[in-house]
């Protein structure tokens, strides 16, 4: 089967050169404030963080707040917890419908990193660029909203409200909320020495979308055309788009099946940044060591040809709606990786063992010469509808 036709601006009576990504100067989750700056900015919110919780709950219920992507707040009644997250990104692909799906998947991913599989409600946050013409706005933004809505329904939830504003750049995001019993989520702080690290989506999305834009910029394309073909770039771009739009819900469910000890999702801080943040949260004195980097095919070579300007080999390259990084018992990890590929979960799910958890000081690192796992594109075997009403 072949991939369905991608977004064509002329099909919507727009100029053939219309590009959604031109309505922002940053891409995807590359908008994040650096981690060290963020921690300093949030210090005042962390003061007396647990006092109220301890007053009425005796600190019995688990709680998670400032410093992680999801908050877990014990409710006053019934032994339940509110699990909530918010996120937003800028356009990273030019297909408005797929961009809506990616934005929704990106919001939900923080819940999935907690092992939460059911979302009770979503809000959508939308910034409509004041640089869009009325025609562009009226053609493009409904596609974005439809993509967001369809992804939320795939996740078993719905969008019941939100906020829409005029903004210089297009902004896409939302809020995901659920109420859980203690056995319905997994706190991200129980990694132990001997665990292994599993990743559920390949790295390199930022590289793929960047070099796809370089196809129209000769001075940039000429720097990399000796290491990658136009077909390679097109396949990597399609694969990146499908991976970003794929929900991490299956992986979240399997975290319970295979006794996951901790997890986070990989987004704007890159795999190393998010691994470091997760390591800091651990109750046991451990460190994470990453030996393998699964990367979209040809994107490692592109990164090296660019002088590693993307930071891909160093683990600092931002990802958008990336996979889950999961700490699993060694004896369970291989079974997790095999199970997630089962056809019963649909096409496209993958996982790799990429490192280990060892005794340490709550840090994370990538070894000097990590093994690069070239992840071949699966788009040629998938029948994916990237635009409402498109036909194969």
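Cβ coordinates are placed from backbone N, Cα and C, and glycine is handled just like the others.
These figures come from a predicted structure and were not determined experimentally.
When 110, 120, 216, 232 are compared with the Mg(2+) site residues 69, 265 in Swiss-Prot, the one appearing in that site is 110. Of the listed binding-site residues, namely 69, 87, 110, 265, the sparsest Cβ surroundings within 10 Å are found at 69.
Residue 87 (ATP binding site) and residue 69 (Mg(2+) binding site) have their C-alpha atoms 9 Å apart, to the nearest angstrom.
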